[in-house]
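What Swiss-Prot says about this protein:
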{"type": "TOPO_DOM", "residues": "1-40", "note": "topological domain 'Lumenal'"}
{"type": "CARBOHYD", "residues": "Asn19", "note": "N-linked glycosylation site"}
{"type": "TRANSMEM", "residues": "41-61", "note": "transmembrane segment"}
{"type": "REGION", "residues": "67-128", "note": "region 'Homeobox-like'"}
{"type": "TRANSMEM", "residues": "140-160", "note": "transmembrane segment"}
{"type": "TRANSMEM", "residues": "181-201", "note": "transmembrane segment"}
{"type": "TRANSMEM", "residues": "209-229", "note": "transmembrane segment"}
{"type": "TRANSMEM", "residues": "264-284", "note": "transmembrane segment"}
{"type": "MOTIF", "residues": "291-300", "note": "motif 'Last loop motif'"}
{"type": "TRANSMEM", "residues": "304-324", "note": "transmembrane segment"}
{"type": "TOPO_DOM", "residues": "325-380", "note": "topological domain 'Cytoplasmic'"}
{"type": "REGION", "residues": "338-380", "note": "region 'Disordered'"}
{"type": "COMPBIAS", "residues": "344-353", "note": "compositional bias 'Acidic residues'"}
Amino acid sequence: MLQTLHDYFWWERLWLPVNLTWADLEDRDGRVYAKASDLYITLPLALLFLIIRYFFELYVATPLAALLNVKEKTRLRAPPNPTLEHFYMTSGKQPKQADVELLSRQSGLSGRQVERWFRRRRNQDRPSLLKKFREASWRFTFYLIAFIAGTAVIVDKPWFYDLRKVWEGYPIQSIIPSQYWYYMIELSFYWSLLFSIASDVKRKDFKEQIIHHVATIILISFSWFANYVRAGTLIMALHDSSDYLLESAKMFNYAGWKNTCNNIFIVFAIVFIITRLVILPFWILHCTLVYPLELYPAFFGYYFFNFMMGVLQLLHIFWAYLILRMAHKFITGKVVEDERSDREETESSEGEEAAAGGGAKNRPLANGHPILNNNHRKND
């Protein structure tokens, strides 16, 4: 049965145009073609990425955070309380008013004390500012290097300037070492993101992030073994062109450099809109939807690839909506911050705020820093 499933999955009619077989993509005459077995290396490489990330965050990102004066807000810990802890772990982190009244009677605390305990307990579970900074630093470093390397891989190729050449001779298109390593490294990195997503900072778009990582892994993998490599390199470079800007904006936001953060964010928003909502759908998707049909009849692989591209495009539209919301806040005089962030709650008691080192007393906090409006910002 397993052999039958294997044979059906790798049936040429699913993944290749009519009258072509996998034998046509076997290495010959010094020409090397993409093969599914090439992708096996990406799993150990993903584990290597996790190891490199650990040491990068420890020996590069942490000193950089200190250099940029990334400071933690002192958090008041919730005192031990078995009754409230049991409710927090089993019933929810946001008790309703009726729950607060019941817990007040069970614990012998006032309703206000119960609410304060849950605020502190939720804050304990939120990631620290240093953790956020280190994570953003790692992603910034990778995306910047990947964008530079990816651009170097494609900038001298004829299909970079004429998209019809993406399909010239398809699928009998040999690959070169730079394409191989670009693919393996990108795919390995996204595997590492998927492996670490449970321990990384969780944002409001957590489910969308999982969908994005899975869709990206499927797209990169399929485009490799079906030899959509030329289109794949264009798509990966296009995606990397804006991601490093977002991560750098986050880094400066966590460091409290609001002017720098806002300026980089505006650049990111422009690049994101142009690349994800203009170039990708009207050039790249047009290239993958229209041009192949001029060469051969549509087949399953054609539909599958473009369906997954459609999934990514829907995510781009969703994220563009969040970006435009943040841009609107910036234009209307509110500090830009990541709409996906899980914001830390503040204590309502003045005495507690003072005990926490209330230099930011009576001022709202975002990411552990007092929010600075456009009329009073930290100088860059």
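Count begins at 1; order follows the chain as displayed.
Heads up, the Cβ atoms here are built off N, Cα and C, so glycines get one too.
Proximity of the transmembrane segment (181-201) to the transmembrane segment (41-61) is established through 3 or more Cβ-Cβ distances under 8 Å for residue pairs spaced 6 or more apart. Just going by CB pairs under 8 A, the stretch in 41-61, 140-160, 264-284, 304-324 that sits most against the transmembrane segment (209-229) is 304-324. In the three-state DSSP reading, the residue listed as 'N-linked glycosylation site' counts as coil.
Same-chain neighbours of the topological domain 'Lumenal' (1-40): 170-175, 180, 183-184, 187, 221-222, 224-227, 229, 295-297, 299-301, counting only residues six or more beyond its ends whose CB sits under 8 Å from a CB of the stretch.
DSSP states for the motif 'Last loop motif' (291-300), grouped as helix (H, G, I), strand (E, B) and coil, give 5 helix, 0 strand, 5 coil.
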